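Peer 1: Next up is a structure, given as C-alpha cells.
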C-alpha cells in the first residue's frame, strides 16, 4: 500500500469513527477498522448486516446503510486494476451513474404532461393525448375526474362520518355507496399519485375486511339471539310436573331477555347503526347512547346502552356543553333523558364520559382526532405520535377541533377578583401602570394572562427515519456543507472579514448601550402631569412637547441632510441632449444593423458589452422596431426589482408611451403591464413563474436574459428551461447578455452559439495594491478616500462596501472627519447607494458635482455592472462582498461577508476607466489577489437553499434533478436537503412525487413554508389573519426608530405588543392602520413606515387574488388566536426553540443557542416554547418575529419530522443540558466546590 492509499485509508477510518460517534457516541479507531474489514469480506448489504449482528453490533438499518455507502465511496483504489484512463465525458457519465445508484430519489422519471393543461383551481384535469394506450383511456374520463376532485375536496374527514338519525341504513345501500366510492377513487387516480393510490387501495382493502368481519359478527350475534329464542320456546313448551319452579324461573328469565331485547331494539332505533359486534366493555373514543341515571352537583351519571354488561359513567359538569360555563347541571340534562356520550377514558370500573364532543342530534363526533381508533397495520404505517397523517390533514382539520382551540384560548387567561380589578383600573388611570404592560387586562371581566408553569413538561425529538425515497441519505447525512466560497479560509482577506464582523458587532453594542441610557432618561409616565391638579413647574409643558414630538415627521440625521441638501437641494439635468441624441451617442447604436442581422440569422446569441453600452435599453427597442413583436412579446429579465422598474421607465420614455402600455414591467407582487404591452421587463423569478404555467413561453417571440454573468439561482434554472424551449420552438429567439468576458462558457453551454461583442468606451486604469494586508478595511477605505480628495486631481470617487449598515457607518464617519477639517478644505459630497434608500437620494448619484467640489459614491456591488455613473476616475476596492450562503446547521440562508472573485475585481477596476484614465486602489496585496480569490464567483445555485427551486421544477414535471441540464450543477447534498425539507412540509410524498398540497404551494410567489402556512390557515379557519401576517412578513422594517426619539418610538410600539408574539403584533399594526382608514398621519404618530404598510397592502391584494382564483376561503378567526398560532406552527415548525435553563433558547433542530431579539413583544416574557421567522446574527444569534406555541402542535402538524420523546429515556435535549448548582451570588460561582472550601480553610 503506497503513501496515497494509506492517506485514503486513514481518511476512511476517520470518517467511520465520526459516524459511530454521531450515532452511538463511540469513537474507537480499532472498531472502525474492524467494521471496514467486515465490509470488505461482505460486499452485499444483507451479508454485511448479518456479519455485524453475528459480532454483536445491533446497529439501526440507516446506520448500516450509511456505513456501507461511505466505505464503498471512500475505499482506497487498488493499483494495477483494469481501470484505464477515461475521457472527461466518460468520467462525468460514471460520476452520474454512481450518483444515480447512491441517490435514486434524485433521478425519478420526469412527467411528460404540460403544466398549462391543468387549470389553476384544479377544476379541469385534462391529460395530454399521447400514443400510450393507458393515457389515451384516461382522457375519456377527464370531466368525471374533475367533478370527483371537487367532491373529494368538499368531503368531510374520515372521522366526521355522517349518520342518519331514526333510520337504519340497509346493507344494500351501504354496498352500493362503497362500490360507487371505489369506482370514483379508481377513476380519479392521477399519474403522479399512482403509488399513493396503492396505499389507499390497501387501506380500502383493510376497511372492506373490517366491515366484512363486522357483518359476520352481527350475523353471528343475530343467530345467537335466534337460538336463545328457540331455547326459550322449548323451555316454555315443557310440561314436566316435577319442575314447576324451574319453569317459572325460566319464564321469568325469558321475559327479562325479551324486555332487554325490546329495550335494546328501541335504543337501536335512536342510535346510529353499530360498526362492530356488541361487546362487554366500553371502548375509549367510541360514541354510545345512554340514559341519565343520576344527577349530582358536579355532573351526571349515564347508563350506557349497547353493552352486554351494565356500565355507568360520569359526565363532569365541564363536559356537558361546549358553549359557555355550566353552573347548574339540571339546566342541561334531566333524569332519564336519553343522550349521546363519548368515552374519554376508562380506569378500572370508572368511565369518564363527554357530551360536548358529540352532536346530540346526529351522533356525530365533533372531535374525532382524540382517541381515533385505528387498526394495527395503519398504526404501523405511520408515525405513532402523529394524530393524523399528512395526506388527510387538510380534510381532517376542516371544522374539527375548533371548539378545542376556543377552549385553549379561553384557558390561557384567568379571572381576578373585583377588588383587584378596581385597584388595577385605578393604577392605570392614574398613570402608575402603563396600559401596554397589561395588554390582556379587561376592565369589565378582569382577565389576566394565566401562568403556564403548571403545564406538563413535554419533550419533543426529531424523527430520525428518513423519507423512503431518501433512505440512508436524508437526515443521517451530516456533511451538508455547500460549495466552498472562500478559496483560503486562513488567508489575510478571510481574517480581515472576521475582524470587520467583530468591529461592527462592537459598534452595535455601543449603539444599544446608548439606546438603553436614553430609555432610562426618558420620563416613565407623562400622563401624571395631565391628571395631577398641581403639577410641578414646567412638567406639563414637557409632557406636551414629548407628545408633540410623535406627530411630527421623523428627523433625518445630519449627514443625510447634507447628502440630500435639505430644502435647498436641486436635482438638475445631467445632460442637454435630447432622448434621440442620447440614444445615438451610445456605443451600441453604431452596431444596430449588425446586431439585428445576427439575431435574425441565429436562434441563440451571446452579447458581450460593458456597462453603459446600451444593451439593456436599446436591444429590445431595436427588435421591436424591426417587427419581432408581430409574433409575440419581447421579454427582458433583470436580476433585481429596482433595475426592472427603472429600465422599464426609461425605455417607456424613449419609446414615447406611458409606462404600462406598450412598455411595462412585472416584479413580485406588482404587475405594470396591459394587453397592449409588447416590450416587457421583469425579474428572472417572474419569468420562471411564467414557465410554470407555460414551459415553451409561446406568448414571447424573443427572450433576453440580461446581466447573465450575475448567475442568480433563477437565471441558472432559466438557462436549462430555455435551452429546452428553443429546441421545441425554432421560431423563439434567445439573447444572453453579459458585462464580463466569460462569454466562452455561455457559448459552449448554448450549443456553441455565436458571440456578439459591443466595444466599450474604456481608458487605461492604473491598479495599486497595498504592501501589507489591512485588518480594518472600513477605516482604511475612508482614509484612502480622504487622501484621494486632498491630493489627487479632480475626479469623482467610487467606494465599494458590503451592505447598508457599513455604508451608513462610513457616511457618518466620513462626514464627521471632513467636518473636523474646517471650511478651507474643498467640499466632498457623500452619496450612499443601496436599495432601501429613497428615490431622491438614489437620483443624486447621477448628478455631476458642482465646480470646486468632488463627490464620493459609496455603493454595494450593484455599482459593478447594474449602474453606470459618469465622472468616476478613482475606485477604492476593499475586496469584499456580502453573499447569501446556505447554512446547513440552521437550514436557512444567511448573508456572509466574503472576498470577491478576480473577475469581480477586474469589473470594479473597469469602473474607473469609463470617462478617462483612472486609478484603482485595491486595499489588499497582489498576493492575496492571486492566491486568495477565486477566478469567478460561485453561482448562487451552489451556495443557497434549493427548496423553492426544487418545488418549482417538480411542479413543471421535472423529477430527474440529477440529469437536469444545469450550467453548474448544485451540490447533491443541497438537493437532498431541499427534498427532505419539502417532504417534511408534506409537499412531497414518500416516493418523492409532488402532492396536491405541494402543487398548490407552488402557485404562490412565496417561500414553501409561507405557502404552507397560508394554505393550512384555510383549514384552520384563520386565513384572513394569516393573509395579513404573510404580507407583513414579506416586507421589512415596519417600525422606525429616529435616533433622537428612540425611547418614544419604543413606547409607541409597545402598545401594539401582543401576548402571543410578534406575528400577532404585526397583525395588530395592520388592523389598527386599517381601522384608521389607512391614514398617513397615524403612521407618523406611531413611528410606522408608511411605504412599508402600503407595500404590504399591495402584497395582500395579490395574494388575495391568488386565493380567490383557487377558490380558497378567506375566513376570520375572530378572537381565537390559537388557530393563528397553529397555522404559523404548521409552516415554521423547523424553527422551533425551547427555553434553556442556563441562557436563552435552544433550537430543536441543531441545539443552537439563540435569543429573543430585544425589539420582540416577548422579550420580557420569555415563554417556554417559541417559533421564530428567521435568525439574525448581530451581537448574538437573535430570533426575529417570535410567537409562542404549544409543543403538542409540532407533532400534530409535522408528524414526519417531530415526535414525543420516550418518557422512560433521557431525551437528547436533556442530555445537552448542564446542571448548574446553586451558589451564593455574593461569591464567585465556583466557591461551593470542595476544593475551594479546603483551600479557604487552609
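The backbone N, Cα and C atoms fix where each Cβ goes, and this holds for glycine too.
The structure displayed is predicted, hence computed values, not measured ones.
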Peer 1: Any idea which of 698-701, 702-705, 706-709, 710-713 is down as motif 'DEAH box' in Swiss-Prot?
Peer 2: 706-709
Peer 1: Can you list the residues of the same chain, besides 609, 610, 611, 612, 613, 614, 615, 616, whose Cβ falls within 8 Å of the ATP site's Cβ centroid?
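Peer 2: My list of surrounding residues reads 586, 587, 588, 739, 758, 760, 868.
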Peer 1: Could you please provide the mean pLDDT value for the domain 'Helicase C-terminal' (777-957)?
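Peer 2: 87, rounded to a whole number.
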Peer 1: Cβ neighbours within 10 Å, counted over all protein chains: which one of the binding-site residues 611, 613, 616 has the most?
Peer 2: 616
Peer 1: Near the Cβ of residue 614 (ATP binding site), how many other Cβ atoms are there if near means within 10 Å?
Peer 2: 21
Peer 1: With DSSP helix as H/G/I and strand as E/B, how many residues of the domain 'S1 motif' (285-356) fall in helix, strand and coil?
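Peer 2: Counting residues per DSSP class in the domain 'S1 motif' (285-356), I get 6 helix, 37 strand, 29 coil.
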